[in-house]
Amino acid sequence: MLDNKDIATPSRTRALLDKYGFNFKKSLGQNFLIDVNIINNIIDASDIDAQTGVIEIGPGMGSLTEQLARHAKRVLAFEIDQRLIPVLNDTLSPYDNVTVINEDILKANIKEAVENHLQDCEKIMVVANLPYYITTPILLNLMQQDIPIDGYVVMMQKEVGERLNAEIGSKAYGSLSIVVQYYTETSKVLTVPKSVFMPPPNVDSIVVKLMQRTEPLVTVDNEEAFFKLAKAAFAQRRKTINNNYQNYFKDGKQHKEVIIQWLEQAGIDPRRRGETLSIQDFAKLYEEKKKFPQLEN
């Protein structure tokens, strides 16, 4: 049974909008959750407990934040919209374990904030209804920094979530799948209808769970170069990797035979398309490329 303090209801959200004269900014992708059942599903999937520190991005009016505060040891929330800070100060006033930072998550010193506010937590989870227009940059920024994050349970546009969780050979499988699955084990939690948001977004949503691997799926000496090589295989999805790499490498057209030799020595048929290659296949290509100095980009 809901208590009257839950923010994630249409009536409470409307009351807060009226109280603060708040208007949604489309440019910030603001869609507030108004269904506590969805929030409870997110909390359950997160496996957070009294020793967990949580990073939240885009808390809005605090509908998810208050539930996180009830379950976690500490919550560190980043909110870019200055107009929401007094709202959050109001709605989260009963909780002394929440810190709200009024900064752009892509510009904030997250590592320093975690060290300052979550240092006594046994594990750290990212739990958020992410701004859909910058979901990918946010996740990659967090994954590629030296921050001790154990996992992510995040809401995002369904199409993007399916790409993160895509299997080899599927239409959704691409370079984003490779980067995210390199760092994490991915799974789908639930699909979320538009009706549980205010205002309703134009796209369907999904909650995905990404648990940090103790070691990356493959070992490479330069992650950035590895990801660039993998991304090039998807430049034109209908083309073979042979064609895509001819376009990717400097003077690739003049090195057709070298590219074929490189692919074959890595055990990869040049006629295959990028979506048929596993992360392990791309790691073989990356290592084998070191034997071919002609292949520059």
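Note that Cβ sites are derived from N, Cα and C of the backbone, with glycine treated the same way.
Values in this document were obtained by computation on a predicted structure and should not be read as measured data.
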S-adenosyl-L-methionine site partner of N31, L33, E79, D104, N129 (as recorded in Swiss-Prot), chosen from G53, G58, G62: G58
Among E79, D104, the most crowded of the binding-site residues [Cβ within 10 Å]: E79
Other C-beta atoms that fall within 10 angstroms of the C-beta of N129 (S-adenosyl-L-methionine binding site): 26
Surrounding CB atoms that lie within 10 Å of the CB of L33 (S-adenosyl-L-methionine binding site), all protein chains: 23
